[in-house]
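Colleague: Below, the features straight out of Swiss-Prot:
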BINDING   Thr29, Leu30, Gly31, Pro32, Asp86, Gly87, Thr88, Thr89, Thr90, Gly413, Asn476, Ala477, Ala478, Asp492  ATP binding site
Amino acid sequence: MAKQVKFSEDAPRSMLRGVETLPNAVKVTLGPKGRNVVLEKKFGSPLITNDGVTIPKEIELEDAYENMGAQLVKEVATKTNGIAGDGTTTATVLAAAMIREGLKNVAAGANPMVIRRGMEKAVGAAVEEIKSIAKPVENKSSIAQVAAISADDQEVGNLIAEAMEKVGKDGVITVEESKGFVTELEVVEGMQFDRGYASPYMITDTDKMEAVLNNPFILITDKKISNIQEVLPVLEQVVQSGKPLLIIAEDVEGEALATLVVNKLRGTFTAVAVKAPGFGDRRKAMLQDIAALTGGEVITEELGLDLKSTKLEQLGRAGKIVVTKENTTVVEGAGDKANIESRVAQIRQQIEDTTSDFDREKLQERLAKLAGGVAVIKVGAATETELKEKKLRIEDALNSTRAAVEEGIVPGGGTTLINAIKAVEGVKVEGEEAVGVHIVLRSLEEPVRQIAANAGLEGSVIVERLKKEPVGIGFNAATEEYVNMLEAGIVDAAKVTRSALSNAASVAAMFLTTEAVIADKPEENKAPMGMPDMGGMGGMGMM
């Protein structure tokens, strides 16, 4: 396909229209008085959202050059979301401001490579200032503040804070859609995996349809058990102890399953069989996790262990086990703390080393089950449209909260970026590098200007006032007052603010140093050929 190429001033100018279009759609959502954006869906109801990464994903422009500009800014939002999970709107607004200011200076004859160096120095100083302003998150109320600001909902803030308190920072918190109207929190204590009982005859509580085992022994193996003779020796030892038994195996079937069920129905002893969780190597790792948690051994031929010669000492123990049709929950595992901590450290190292997002997610789940727990926020709403919008907000708030726990909190509402201006002004540069510093200085004001504009106020007046105020004093657009942002609970995660600024500057610098743009030449749609006159057939000629 033929290409068209644009050089020098034409190249960035044609992309600038796309750079402006995308932020214009996103920036209206910024701040407490930000608006929503409606996204068309080919199937189902439209999506109403104020999420700064969902909106850019939907934008594709017809003109190839404009679309390239829009996609560059989209990358800022996506990268910021990937690192910090929030701050996408701020990052988009910052990137557009830097590109706009930068192009003015490049058009006036400034050298883009020198401007870039100045921008990098300025952003470096601003990032260090953000880190120095950051305060660690020390209590539940601070976590609730971060989540409430991100979700624009105090109730959601409290739910996320409660979830984090219960499962710890290593715990997994997931967001699911509820069937009701109320948003609620469900916490699973202990280790839970998604495998249920092998036979419904094993249940002990017919009302709840679950098997509850108190203080049981746990046989853990990666083998398939079909012959009862294989496990008879260990079964006899368990029966003599008078305790119930949980068998976790690749599968329990045939004669072995029938014998367990018959003995349960006769009341001889209680044994529940469940399939091992996961598949392949992940299954082996999860069985080792269960063994560490319960203080047992995985009976596997790889270690030279045989089911027939298994002793009671090799079985795991737990305070309580609840088995439903779909899940098994191990509560109060009797494993040695040092072994569990060693296992946790090993999984943490694997999380750091892996390059696969899928593997990282699965490792994070295993870590949570060993070290923390699992909490589920079930989102309720009156309509499907509201449910989707609410779920997106809660996911953003959750990401922002995790980032806050990691690197601390800073004053919100764009205040920290204004506070960083003094540090940037102190950067020593020569020649045209000063232009790069000026571009960053001007863009640091942009989020506050936009928050004010969305509230129907004049941003310049507020920016000038904030520059004179002490660090931490900001503008609360919801009440239109100047307040101590930390005391008022208007906070952002330091990681979110830092990532937004760094990613915006990175893409802006790349944009400004672009000298040529290549795009596919649009195809001309040829008019469809008309039908020929069908002469010879009386009355059938075309009029």
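Using the three backbone atoms N, Cα and C, a Cβ is placed for every residue, glycine included.
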Colleague: Could you check the binding-site residues Thr29, Thr90, Asn476 and say which one's CB has the most other CB atoms within 10 Å?
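Modeller: By the 10 Å Cβ neighbour count, Thr90 comes out on top.
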Colleague: Record lists Thr29, Leu30, Gly31, Pro32, Asp86, Gly87, Thr88, Thr89, Thr90, Gly413, Asn476, Ala477, Ala478, Asp492 as binding ATP; longest Cα-Cα distance in Å?
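Modeller: Looking at Thr29, Leu30, Gly31, Pro32, Asp86, Gly87, Thr88, Thr89, Thr90, Gly413, Asn476, Ala477, Ala478, Asp492 as a set, their Cα atoms extend up to 21 Å apart.
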Colleague: In sequence order, what residues of the same chain, 6+ apart, have a Cβ less than 8 Å from the Cβ of Thr88 (ATP binding site)?
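Modeller: In sequence order, Val26, Asp51, Gly52, Val53, Pro56, Val76, Ala77, Thr78, Thr80, Asn81, Ala500 meet the Cβ cut-off.
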Colleague: Please report the DSSP secondary structure of Asn476 (ATP binding site), reduced to three states.
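Modeller: Note: Asn476 (ATP binding site) is in a strand by DSSP.
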Colleague: Please work out the number of neighbouring Cβ atoms within 10 Å of the Cβ of Asp86 (ATP binding site), leaving out its own Cβ.
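Modeller: Step by step: centre on the Cβ of Asp86 (ATP binding site), count other Cβ atoms within 10 Å, giving 34.
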Colleague: For each of the binding-site residues (Gly31, Ala478), count the other CB atoms lying within 10 A of its CB, then report the residue with the highest count.
Modeller: Gly31
